[in-house]
Structure formats: structure tokens, C-alpha cells
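Before any comments, here is the structure.
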Amino acid sequence: MSHQHILTLFNLLPVATNISTWWNFGSMLLTCSIIQMTTGFFLAIHYTANTNLAFSSVIHILRDIPNGWCLQNLHSIGASMFFICIYIHIARGLYFGSYMNKKVWMSGILLLTILMATSFFGYVLPWGQMSFWAATVITNLLTAVPYLGTNLTIWLWGGFAINDPTLTRFFALHFILPFMIMSTSSIHIILLHEEGSSNPLGTNSDIDKIPFHPYHSYKDLFMLTLLLFTMMSIMSFSPDMFNDSENFSKANPMMTPQHIKPEWYFLFAYGILRSIPNKLGGTLALLLSIMILLLPPFTHTSHIRSMTFRPMAQFLFWTMITTFVILTWAASKPVESPYITISQMASTMYFLFFIINPLLGWMENKILNTNH
């Protein structure tokens, strides 16, 4: 069989000539999924979902299993890389108006939600101090639900406190959810190829398309090499870069860490949660910080799809990215002044982006119509 026939699948996929490096993160996310599922499977073989043995089983993987340290660190760093890629992927969608392809965008938000749940359950599994207390704080938010809250929390915990049943079910969920991620990813990709991907100009690219292979496949391969190189470098030189030092101690329900916080990739949402002094209000704001991403396809007002030719929208977008970084930083700090005020201001700025952006689009349309 000729080289051409083997790659028919890729050759039959027409892609816009001008898609930039920002379009490579989808394939990088798929690679992250494969790495996570492979390393996760081998870790699950040696892991014990028991409150007395979980922490010891992780130490056993690191010390006694051949290349166990490599598996564990790859899985841990891979999770951070997964979130870096998905946040860039979402930011690209917001900047270039990819959200106008509604079905793809909605399936993407569903994917993000499942991924966040998966990583939260995974963070609890080592049963370190921060694992235990982060799980306690986050699951406790369910008690904010009126009438049903307490019953829901007890049902989730499998008892009146976080204990063995909680860890067992979290392990089961952490194992099963990646299969949901893979199936939802397939739907996401199928829906994308129904219409085709957008391009940096936000124009219709039907008149100017080239085969995916070899033009874009090599570009993808280059970014994948960079991703793997970054992961291997962190694993070799600074494997605990993304870890919390509290998690090197076994979970102790009798001793609370000085500053409870989730993994770095949840800090922006945690910052929004913390900035509201009311429990129910904070929980709603936490949910809204993700669910608000469902709005842009319905609130897009500008005649121009992409922000490439919209300088004011670009300024607004980069303000939002800065806000995201500030929220992440402030949430990693103790709950004291000035961090409380900074978190509150940044949270307001974060939500304002989704309100100001459509107004800005409407204003741009007015200016363009006036000039005509």
C-alpha cells in the first residue's frame, strides 16, 4: 500500500492554510489524555484505596516499583500540563471567536467540567494532608445547597466524615471519568469536523484549504515534541514543582494545615469562591466561574468573529488573562488583607469581561456603520 493510501484519512481532511500554533493545543490535549490514562492505569495496579494504606502505597510506588517514580511524576506533571493546554485552548477559542461553532464549544465546556472533577478526585487519592483537607473543604460546599445540602454531603462521603468509603468511591470515579473524557473528546472532534475549524482571521476558509498531512501534522508533531520535552525536563530536574509540601505528610484529621488550598489549576476558581464571605454565594460564584463560558456563543454581538481586527476587544481579553493570573496568585496566599481585596477586585473583573465584551461588540458595530 502506498504512503498516500495509508494517510488517506489525513489527506482527506482539508484545513485552512493560515491556522497558527494556537490551533495545535487540541492534539496536545489528546496526547496528555493518552499519557494520563497510560500512567494512571499502571499506578492503579499498585495503588490501594484504603485510608490506612493509600499514603504508604504511593510511597511504595515511588521507592520500590521499577520506574514507579517516573510513572507517578509523569502523572502528576501531566495533570498540570493538561490544564495549561486546556486553558490556552479555551483562551484561543475566546480570542478567535471559535465559540461561534456552538456544538463544539458546548461539548468542550462539558469536557472541561469532567476534567476538573477527575483531577479533583485524583488529588484526594495520595491521602496526604492537603489531599484530605482540600477534599473536606470542597465537598463541604455541598452543605450550602438549601434543604438537601447535609444529606447530599453525607451521601457523597458515605458517612458522617471523610473516611474509607469516600476514598474508595473517589478512586472509582477517578478511574471511570477518563473514559468519559475520551468518549466526549471523540464527540467534540466529530462535531468539529462537521463544520471545520476556524482560522485567525475569523473568515470563511473554504476557498483556501490544504490537506492536514503533511502541512499541519508536522506542525502538530513539533508542538508535541516541545510538550514532551517540557514534561521530561520538569520530571528530571524539578519533579515536585507543582506539588504542595503539606502533601508529603499523611492525612491527619486532628491537625489542620495553616492554609488549605487546592491544586494550582483550581486556584482561580478557589479565589472567586473565597472572595465572597457568604457560603452559598461563594459556591454559586465558583460554579458560575466555569458555567459563564457557556455565554459567549449567545452574547456575541460584533460583526467580526475574531479579535484579530478588534484592538479594544484585544485589550479587554488580555485584561481578563491578567485577571486570571492575579486570581491564581492571590488564592495561593493566606486569607488576609490585602489578598482578600485583590481577590474581590479580580473576581469582579473576571465576570465583567463577559458583560463588557458584547457591549464592546455592539459599540464597534455602531462605529463601523457610522463610517459607512
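Easy rule for this one: first residue shown is 1, then count along the chain.
Placed from the backbone N, Cα and C atoms, the Cβ positions cover glycine too.
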Stated Swiss-Prot location of transmembrane segment, expressed as one of 25-45, 130-150: 25-45
HIS89 (heme b b566 binding site): secondary structure state under DSSP, collapsed to three categories: helix
DSSP three-state assignment for HIS188 (heme b b566 binding site): helix
Positions on the same chain near the transmembrane segment (218-238), where near means CB under 8 A and six or more residues out: 21, 24-25, 27-28, 31-32, 35, 70, 73-74, 77-78, 81, 85
In the chain carrying HIS89 (heme b b566 binding site), residues 6 or more apart in sequence that have Cβ under 8 angstroms from it: PHE25, GLY26, LEU29, GLY108
Non-local residues, at least 6 beyond the ends, that sit with Cβ under 8 Å of the transmembrane segment (105-125): 47, 49, 54, 58, 79, 82-83, 86, 89-90, 93, 98-99, 131-132, 134-135, 138, 166-167, 170-171, 173-174, 177-178, 180-181, 184-185, 187-188, 191, 262-263, 265-266, 290-291, 293-294, 296-297
